[in-house]
Amino acid sequence: EEIQRETTYPDGKVEKVLKNGCHLIFFPNGTWKKVGSDGKTITITFFNGDVKQIMPDQTVIYYYADAKTTHTTYTDGLEVLQFSNGQIEKHYPDGKKEITFPDQTIKSLFTDGQEESIFPDGTVVRVQRDGTKTIEFNNGQRELHTPQFKRREYPDGTVKTVYMNGQQETKYVSGRVRIKDKDGNIIMDTKL
């Protein structure tokens with residue numbers, strides 16, 4: 001671009017005004033700033049390689065050169081971090097966070113302490129504030145983990161519960177109930 005005027009300041013800063021209306025300001029430490037002809041688009045390239053862009057709508061995009069990470073802050077308060085490994089984090093103004101991992105697993109962290117993870121195979125894991133975990137598998141099976149037991153529910157209605165003491169209880173849709181002790185010995189079986 002053709003330079004319209006150039007000014008050198010006593011502190012070593014140099015400002016160039018281009019014919020297209022852009023302003024370029026060069027600082028002695030190697031940092032430089034470009035103000036677009038619209039006066040609203042600003043790009044600052046820091047001496048360490050970081051780049052900060054301010055868009056006309058006041059969205060701020062900051063690129064951390066060393067970490068190869070981009071942090072975008074939108075005017076509505078949404079913040080998006082994009083990491084070099086492909087991980088993306090969204091921090092919402094209400095405090096919710098959503099993380100998309102490189103394998104495309106999506107984890108949501110809610111402000112009330114609950115969590116939800118959706119895995120690429122369709123499995124969904126929900127964790128309540130009290131630590132209770134529900135797992136919904138893509139084959140229709142469902143698991144519930146509490147401090148007292150782990151329970152698996154099968155699509156045919158069968159429910160198998162394993163208690164913390166190792167005892168197992170299986171309830172079949174037919175009404176049959178089978179209970180095993182911690183060593184796997186059947187202690188009750190109501191064959192119908």
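Numbering starts at 1 and runs along the chain as displayed.
Yeah, the Cβs are placed from backbone N, Cα and C, and that goes for glycine too.
Annotations in TrEMBL come from automatic prediction, not curation.
Copied over from TrEMBL, here are the features:
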DOMAIN    4-34  domain 'Centromere protein J C-terminal'
DOMAIN    75-103  domain 'Centromere protein J C-terminal'
DOMAIN    111-145  domain 'Centromere protein J C-terminal'
DOMAIN    149-179  domain 'Centromere protein J C-terminal'
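On the 0 to 100 pLDDT scale, the domain 'Centromere protein J C-terminal' (4-34) averages 95 in this prediction.
Outside the domain 'Centromere protein J C-terminal' (75-103) by six or more residues, the chain places 57-59, 67-69, 109-111, 120 with a CB less than 8 A from a CB of the stretch. Helix, strand and coil counts from DSSP across the domain 'Centromere protein J C-terminal' (149-179) read 0 helix, 17 strand, 14 coil.
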